[in-house]
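Trainee: Shown below is the structure under consideration.
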Amino acid sequence: MVFETSKATSYLKDYPKKDGLSVKELIDSTNFGGLTYNDFLILPGLINFPSSAVSLETKLTKKITLKSPFVSSPMDTVTEENMAIHMALLGGIGIIHHNCTSEEQAEMVRKVKKYENGFINDPVVISPEVTVGEVKKMGEVLGFTSFPVTENGKVGGKLVGIITSRDIQFHEDNKSPVSEVMTKDLVVGKKGISLTDGNELLRSSKKGKLPIVDAEGNLVSLISRTDLQKNQDYPNASKSFHSKQLLCGAAIGTIDADRERLDKLVEAGLDVVVLDSSNGSSVFQLNMIKWIKEKYPELQVIAGNVVTREQAALLIEAGADALRIGMGSGSICITQEVMACGRPQGTAVYGVTEFANKFGVPCIADGGIGNIGHITKALALGASCVMMGGLLAGTAETPGDYFYRDGKRLKTYRGMGSIDAMQQTNTNANASTSRYFSEADKVLVAQGVSGSVVDKGSITKFVPYLYNGLQHSLQDIGIKSIDELRENVDNGEIRFEFRTASAQFEGGVHGLHSYEKRLHN
């Protein structure tokens, strides 16, 4: 018997269940054991929209929302201020490592917060008596030569002019006070002006800076044309709702010295703190969460790492605003091998998120992210964001210098549990010994390795590649947003398929003598 083609979809109801597996059937360890991202696929859905219509907005914590689900890992070969700045500009967030002194880490946070301000509340200000020569020297140090001039040389003083590079470029007498050459006919904005109106006034005035003054003419802040250009180039930038500054995260440990470290980070403008531990279910972390919530109730706290719902429950109950999932799944991590402790990442992500999402606590899948497909799978299993170390390693924004080996341009990438990282700084400032509870150990036991990765170029190209690729991936599944993805996974509409070893081989490049794998143009 041949069925009528015009009624093909109606015959689907004759099947006892939909094609593929539900997420609960997939994550059934009695059938498949622990799963990694490579062990399964997501079945495709109906496409009736362009990939550009897919929203990647997601929750980082209970109170912080990002335009893209990308977080850079707090590793000393991945995230310092340069990476954090560009991750925020591209819609994600960077978590600055703490394998350094507290002063150094706070200064990195400060640089991120000052990098792009809607209103620059603490601009460099000079007095009328400052000489042209002094301004030129300031320009060499600071990288710019445009400064507001107030009567007392401070923010809050009466604005009397602005000195710019054009004013001093061809002025040969370096002893002249800036009062003789500064621009006195100024276009200003009044205190209380909106950022939108301020930017429009700056645009129409064709000036480089727009001073904001109060009713008495005292300088209160500044808007910069360079910041306006950045706003145009990075429309998805992650910014504070109140200050319009870039969002910035930083990691700390759970020892007493980290409480003083956090004080300095908060003073620098920190938005979210990550409690950095290989095993988050410790009394040290529970006590740290409670202390932070008492002293800084508005500061968002990401706790972890965890891989079981029992671990998650302790941290949620203590007050965590988000959880970080993963133990031993990173490319440079050997925790599972050395400690016999951990969990396959796919199983861990679903096990924890299924529980944590009931309490409105977002989860970050940390480790094992090697490509766009892994990101999609982590989100499908319930994660709100993915934390990336190895995937971002080797980009221009990571710390360190490039070097050449065997004709390849490389950068160092190491695990925070590697011996190199553990010996980087003294005990009190070392993130690695704290992270792996090794501060008092005479013999350090490595839980990570040191290596090198090939140059990936700038994340200003690489992260947009991840963003667009993720949009296309969700389009193939027939989903328009991360929230819709989670909803349809939970209700069984989105289906999965377990992959055998031969299926994984089939899904990769095969049968070629040679090939070139270019990820993007």
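Start at 1 and count along the chain as shown; that gives each residue its number.
Quick reminder: no glycine exception, Cβ is built from N, Cα and C everywhere.
Pulled these from Swiss-Prot:
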ACT_SITE  Cys333  active site, thioimidate intermediate
ACT_SITE  Arg435  active site, proton acceptor
BINDING   Asp276, Ser277, Ser278, Gly326, Met327, Gly328  NAD(+) binding site
BINDING   Gly328, Gly330, Cys333, Glu506, Gly507, Gly508  K(+) binding site
BINDING   Ser331, Asp366, Gly367, Gly368, Gly389, Gly390, Tyr413, Arg414, Gly415, Met416, Gly417, Gln447  IMP binding site
DOMAIN    119-178  domain 'CBS 1'
DOMAIN    182-238  domain 'CBS 2'
Trainee: Ser278 (NAD(+) binding site) has how many other Cβ neighbours within 10 Å of its own Cβ?
Mentor: 24
Trainee: For the NAD(+) site as recorded (Asp276, Ser277, Ser278, Gly326, Met327, Gly328), determine the largest distance between any two Cα atoms, in Å, rounded to the nearest integer.
Mentor: 14
Trainee: Using C-alpha atoms, which one of the binding-site residues Gly389, Tyr413, Glu506, Gly508 comes nearest to Gly328 (NAD(+) binding site)?
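Mentor: For Gly328 (NAD(+) binding site), the closest Cα among Gly389, Tyr413, Glu506, Gly508 is found at Gly389.
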Trainee: To which of the binding-site residues Gly326, Gly367, Gly389, Gly507, Gly508 does the lowest count of other Cβ atoms within 10 Å belong?
Mentor: Gly508
Trainee: By a 10 A CB contact count over all chains shown, which of the binding-site residues listed here is most packed: Asp276, Ser277, Met327, Tyr413, Glu506?
Mentor: Asp276
Trainee: From the binding-site residues Gly367, Tyr413, Gly507, Gly508, pick the residue whose C-alpha lies nearest to the C-alpha of Ser278 (NAD(+) binding site).
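Mentor: So, spelling it out, the nearest of the binding-site residues is Gly367.
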Trainee: Let's check the environment of Gly328 (NAD(+) binding site): how many other CB atoms sit within 10 Å of its CB?
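Mentor: That number is 26.
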Trainee: State the Cα to Cα distance, in Å, between Gly507 (K(+) binding site) and Gly367 (IMP binding site), rounded to an integer.
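Mentor: Between the alpha carbons of Gly507 (K(+) binding site) and Gly367 (IMP binding site) there are 22 Å.
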Trainee: By DSSP, how many residues in the domain 'CBS 2' (182-238) are helix, how many strand, and how many coil?
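Mentor: Each residue of the domain 'CBS 2' (182-238) counted once, the result is 20 helix, 15 strand, 22 coil.
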Trainee: Measure the Cβ-based neighbour count of Cys333 (active site, thioimidate intermediate), defined as the other Cβ atoms within 10 Å of its Cβ.
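Mentor: A count of 25.
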Trainee: Taking Met327 (NAD(+) binding site) as the reference, which of Cys333, Gly367, Gly389, Tyr413, Glu506 (the recorded positions) have a CA within 10 A of its CA?
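Mentor: Near Met327 (NAD(+) binding site), where near means Cα within 10 Å, the recorded positions are Cys333, Gly367.
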Trainee: So, three-state DSSP: helix, strand or coil for Met327 (NAD(+) binding site)?
Mentor: coil
